[in-house]
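The S-adenosyl-L-methionine binding site feature in TrEMBL is assigned to 275, 303, 342. Sequence annotations record features per position, and here TrEMBL assigns domain 'SAM-dependent MTase RsmB/NOP-type' to 139-459.
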């Protein structure tokens, strides 16, 4: 049997390639593009605890679960590693690709979202199965990702659209069980990935146990954000584009850790989390409850580009009157001590990524313009001497902000895990080394999703 292709490289349009070749060498850009369609080399786990010793205990529990998984799938041992700098982080290697895997005769089709999860270690939850020919519990199947998104759920014939092989699995549910119910009514693992193209334990499966209240899957640069923001007792903090709430809940955990006591007092400070839709805000609330920080997090529906209250509206503003989950008008100027602004971006650096339909105008005009509107709101909401933390699209937005807001200055980050900013983007040499860039594939030790970080202070 012929072996299926194991990698679909990301291909950008000529104008996008030409744009990025202004900042990267050809070899660097080819390395980035090659890395985008495969997972990072590590899975990162944030420990949900304010006690440093708990990381050791949770590591032991999680290692036992991983050992059981490896034994059941006949894998070599996979060991958890404690991050040497970030005290609340564990990580697990991702091994692969195992290009010698021969696809099984029978196959199932999954969507791109499920395919992405598989490549990062997940088994297949039943709702993620799009199509399968007659197959029973216990049968081995080849798992194919529907690249073009044209496969209809429950499709019975042989699907001939563009698809990508991501490994073999064992059916834990029959075709009838999977497709006799609506996806919203399905639960549980439908397919156990026994021979994935990339091998790492299924932490999402482990989360169905008591571990769900102890750990949180999160990319390393996102975890770094919370530590660099460094929330302190009594701070008023806002996460302006907060969904799904990973960074929000981390900030809340660090606020508890940095407070002199963990009792329910107003001196602990408060974290406001906003996003533009009720659905996104509900997700923030769910994660706040799960992470045990709900008492510190107040979430609201808000268009953060219009977050400044007028003088008349400020007269009647009282934070205690605002009900979590409601749509609100905004906040008074200079209300916050620390602001996290992680605005919507092009998502070019998400991994693994099977297809990117970005336009050059999105990268150079549409998205940066929207980010500048958000940045302007953030600047107005920040108190003098307050800290603005901006994982923005790129250096050019930071350069624009420094020129347009003379009261802002870059801060040297306390922890550096990324590379300096790119040359020729508007930042001088000193400023380039005060921001952090995470480029997929460029530095193997930092092999993560694409990310950019800048920390700024409002001097006046």
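Using the three backbone atoms N, Cα and C, a Cβ is placed for every residue, glycine included.
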Starting from the Cβ centroid of 275, 303, 342, which together make up the recorded S-adenosyl-L-methionine site, report each further residue of the same chain whose Cβ lies within 8 Å of that point, ordered by sequence.
240, 241, 242, 243, 274, 276, 280, 302, 304, 343, 344, 374
Check the domain 'SAM-dependent MTase RsmB/NOP-type' (139-459) for me and report the mean pLDDT.
89
Given that the record lists 275, 303, 342 as binding S-adenosyl-L-methionine, what is the largest C-alpha to C-alpha distance among them, in Å?
14
Measure the Cβ-based neighbour count of residue 342 (S-adenosyl-L-methionine binding site), defined as the other Cβ atoms within 10 Å of its Cβ.
20
